Structures are given as structure tokens and as C-alpha cells.
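What TrEMBL annotates here:
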- A:38-60: transmembrane segment (TRANSMEM)
- A:81-106: transmembrane segment (TRANSMEM)
- A:112-132: transmembrane segment (TRANSMEM)
- A:139-158: transmembrane segment (TRANSMEM)
- A:183-203: transmembrane segment (TRANSMEM)
- A:224-246: transmembrane segment (TRANSMEM)
- A:266-288: transmembrane segment (TRANSMEM)
- A:318-341: transmembrane segment (TRANSMEM)
- A:347-366: transmembrane segment (TRANSMEM)
- A:378-403: transmembrane segment (TRANSMEM)
Amino acid sequence: MKKYLAVALGILTAIGGFVDIGDLVTNAVVGARFGLSLAWVVVVGVIGIVLYAYMAGKVVALSGRATFEIIRERLGARAALMNLGASFLMTLLTLTAEIGGIALTLQLLTGIVPLAWIVVATLAVWLVIWLVKFTWMENAAGLLGLTLIVFVVSFFVLGPDWGDTVDQITQQYPHPGEHPLTYWFYVVALFGAAMTPYEVFFFSSGAVEERWGRQDLMLARLNVGIGFPLGGLLSLGIAGSAFLVWSPEKVDVSSLSQVVLPVGEALGTIGLALVLIGVLAATMGAALETALSCGYTLAQYAGWPWGKWHRPAKAPQFHVTIIVCLLIACGVLATGVDPIMVTEFSVVFSAVALPLTYAPILVVANDPEYVGEETNGPVLNALALVYLVIIVVAAVAAIPLMVLTGLGS
Amino acid sequence: MTRLPPHPAKDGKVLDANVHLLDRLVVDRNDEPVSVVSDLELESEDGGRPRIANLVLGSAIVSRFLGGHPPKHHLDRMAWRKVAALDTVVHLRVDRSELDVIWFERWLRRHVIGRIPGGRRDPE
């Protein structure tokens, strides 16, 4: 059993990148409006995050250094501070959205207004970080989050027209009533979500928490090779089942209940119960991932002690950072803001955060001082360079697309 | 004070202060993080080659961003002779508990984190 749980870190990391509350809704919106014709973006995104998360994991296994430490070392204090500002705000906005997402899910389950659940959700996230061991946390959130596989099952049960599905994936036929820029807005949104920087912050810091060493290079490959493709599969399942249920009725998906309803239609009450457990675990997992990432990035920039392997008193700044972030998230949500909108705005920061996160990882993965003889091979470097270009283009295009399409409306 | 080998070194390692020292993590003798190298203080005897006298840690980074010279007694300095080794991090010979640079951490531990129930317990 332990052997299978060893990839929990990769799975939990991927949940934060592919099926957190913002992605759950975005995937369903994309499915309802574009069918599976954006499936290629998910594949491109999975490959990108697999490459860079593997490099970040390799650097941890061979040098023990987490990603934000190497960002400061390679970029210097100034550029690293810019990245810290952008990444931190992006992660904090996502944390806010996830806590709102937990509250929305609990509202769907109980019928009690979400405002009451916000406090419960914030406390629950803090208690897990304060008291629970890292491995327990990742196993529980990662495995329960996999319940979202019911979306994929629903897609098959709902019975798509296979010829049509293949056409959507391969032919990119025009979408009546959709502006071409809207299509590209969602391309960039899906790619940006797959490559959100907090994934590598969490993955590399989690690898330090688990004390990866030279013998764990294989474990790094397994984690990225299983975790991220699984995350991608879940997001395709969400888009696919949303397409089959909502597209014929021309419904514009905007709420969490519309995201989960296709599973209810395909699999009945049991399916609905499973999908709500999955959504709860995924939003909780993403909340833990982002809350911890806030602490990891700031502590690694400043050289403070960090990590859940310590008792909290041994890493006080790390824990104070997380507590303050949770309080801010709770306060923002108390104003009644829509948590799903919050994630959309975090895209603004990706123009700075994405290039300044992934470039140093690529540089250090080729530096013998850190990785000894295990520097990247030519194929990995060539692919990683291509992705660096894609990342820069997508990051720069994100803001104008967001403005021009009015957030894809 | 340890004499650094003259440059260019015949044996040993040539370090670039910008690449190998500035913004590197500083750890104590148990590999626990202490701070980050924010700046360096150089000295030279009788106009000779400059040598590193002190690492400047922690909050001195603010004056590197904004310019200016903070009063010396405000700086968290670490004598170069306390450096034991350099690899991807700067290893000190001392224990972090002897150092003043972590005063804020101590204050938070005593007044905030240590007071919350469970703060001094290992995670389970």
C-alpha cells in the first residue's frame, strides 16, 4: 500500500493545478461552450508541468533545495522579490477561492448559507496544517480527490457520439456564436492553470518535507508521470460531461451545482454523493496546497525555517504567514465576493510569476553544483526551452485577452 | 581571519561573490536555516586586495533595494571566519541559537506561536 501512496504528493499537487474550484468551473464552462475542442490544451499543459515539476523534484532529490530558494539564488533579490510578490498574491487569491469553494460545497451538501461555512472551512484548513503530519494530509486529500474520477465515468455512461467527439478533438470546427478571441482566452486560461507556479512550490517543498534523496529520482518521475496526467484526465472528464449535458440545452455554466449535475444525471444519487466528496476533497486539498505554498515561498525567500516536519514553534514565521493568509482569505470572503471570480483575476499575476519561476528551475537543473552529473539531457532541455517560450507568450497574452473578451464572456 | 587564496587561484575554487555568495541561504552547523546573505562587507589592509570581513544577513536587503547606509549597529553581521564551508548554501560553524539575527523568530515563538495550543507539539 505504501508503494501506491508514494505518488500522493504528485496527485495532490495536480489537484491544485487541474481541479481546484476555479478549474472545476472553468473546465465545465469550456466543455459546455467548446466541447472537447480544447482538450489539446490540457495535453500541452500536462506535458509542460510534468517537465518542470520533474526538474524541480530532481533538484530537491540531488541538492535538497526547494524551488523558491533557487529562484532567489539565481534571479537575485530584486527579480526574486518581483516574482515573490506576483506568485504570493496569485496563491493567496487562489487560497481565498478554495476556502470559498469548500464553503460552497458544504452549502450544496447541507443547504446552510456559505457565510457560516467560511469560518468552518478556514479553521479546518488551519487545524490540518497545525496538527496533521504532511504524509497523512497528502494521502487523505490526494486519494479522496480521486473520487472526481466519477466525471470520467459519467462521460462514458452518458454515451457521447464518438464520431463527433473525435471531430471535436481533431478538427477545431468553428464555434457559432463564439468570438475567436474567446477561444484563445480559454486556451491561455487552461494552460495557465495547468502551469500555476504554486504547483512547483508545493511539489518541491513537499519533496523536502518527505526528505527525498538521490535514491528518490525514480519516485520523482513516478509522481509527475502519474499525478499530473491523472489531474488532466479529471479535467477532461469534467469538460466532457458538461458538454454532453449542458451544450444541447445551450446553458451557460456558472455555478458549482451546474458543474456536478451531469454526474447526478449519469450515475444518480450515489454519483452525486461521490462527486461532492471529490469536490470537497479537491478544494480542501487545493486550499492546503495554496496555504502551505504561501508559507513556503515567503520563508524560502527570507531564509526562515519552514516545513510541517517541525513542530510549529520551530518555524514560527512560517506558521504566522499561513495564519495571516487564512485570516485575509476569510476576511475577503466575508465581503460576499464570488470565490470563482477571484481565481480568474489571479491570471493577472501570471505574466510575471510564470517566466520568473520556470526559467530558474531550468537553469539550476543544468547546474552541476546542484545536480552533479544528473544535468538535463538534450531532449529534455530542448522541450523545456520550447515550453519556456510558450509560457512567456501565454503569460504576456493573458492580460490583453482577459480585457478584450471580458473574462471570456 | 582566514586568508582567501589570491586570484587567480592555483588550486581551490574561484568564487564569484555575486553568484556564489549574495542571496545564498545561510545555515548553521546543524544545517538549520539562519538567514540569507544580503550583502558583503569588504576590508583591505594598506590598499591591498580586498577581503571579505563580514557577511551581512537579513534585513540589510532593504538598503540594497533602496540605497543608503543603515547605521552599522543595525546590521546583522556575521564574521567571515565563522563560515565553515560553501556549497549551494553557506555553512556556519556556530549554532543558530547563539545568534541575534533570529530575534524576530524568538519573539514570535515566545509571544504568538508558542502560546497557541499544540504549538509546541510535533505534528501527528
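Just so it is clear, glycine is given a Cβ too, placed from its N, Cα and C backbone atoms.
For the transmembrane segment (A:139-158), same-chain residues at least 6 beyond its ends with a Cβ under 8 Å from one of its own Cβ atoms are 5, 8-9, 11-12, 15, 19, 230, 233-234, 236-238, 240-241, 244-245, 262-263, 265-267, 271, 274-275, 277-282, 284-285, 288.
Between the transmembrane segment (A:347-366) and the transmembrane segment (A:38-60) there are at least 3 Cβ pairs closer than 8 Å, counting only pairs 6 or more residues apart in sequence, which means the two stretches are in contact. Counting Cβ pairs under 8 Å to the transmembrane segment (A:112-132), the stretch among A:38-60, A:183-203, A:266-288, A:318-341, A:378-403 with the most such contacts is A:318-341. With a cut-off of 8 Å on Cβ pairs spaced 6 or more residues apart, the transmembrane segment (A:81-106) and the transmembrane segment (A:318-341) reach 3 or more such pairs and are scored as touching.
If you look at the transmembrane segment (A:378-403), the same-chain residues 6 or more away from its ends with a CB under 8 A from one of its CBs are 44, 47-48, 51-52, 55, 181, 184-185, 188-189, 191-192, 195, 344, 347-348, 350-355, 358-359, 362, 365-366. Remote same-chain partners of the transmembrane segment (A:318-341), defined as residues 6 or more beyond its termini with a Cβ less than 8 Å from a stretch Cβ, comprise 21-22, 25, 92, 95-101, 103-104, 115, 118-119, 122, 125-126, 129-130, 256, 291-292, 294-296, 298-299, 304-307, 312. Among residues of the same chain six or more beyond the transmembrane segment (A:38-60), those with a C-beta under 8 A of the stretch's C-beta atoms are 10, 13-14, 17-18, 30, 66-67, 70, 168-169, 183, 186-187, 190-191, 193-195, 199-200, 203-204, 207-208, 212, 217, 220-221, 223-225, 228-229, 231-232, 235-236, 239, 358, 361-362, 364-365, 370-371, 374, 376, 380, 383-384, 387, 390-391. Same-chain residues lying 6 or more positions outside the transmembrane segment (A:266-288) and placing a CB less than 8 Å from one of its CB atoms are 12, 15-16, 19-21, 24, 94-95, 98-99, 101-102, 105-106, 108-109, 121, 124-125, 128-129, 137, 140-142, 144-151, 153-155, 157-158, 241, 256, 259-260.
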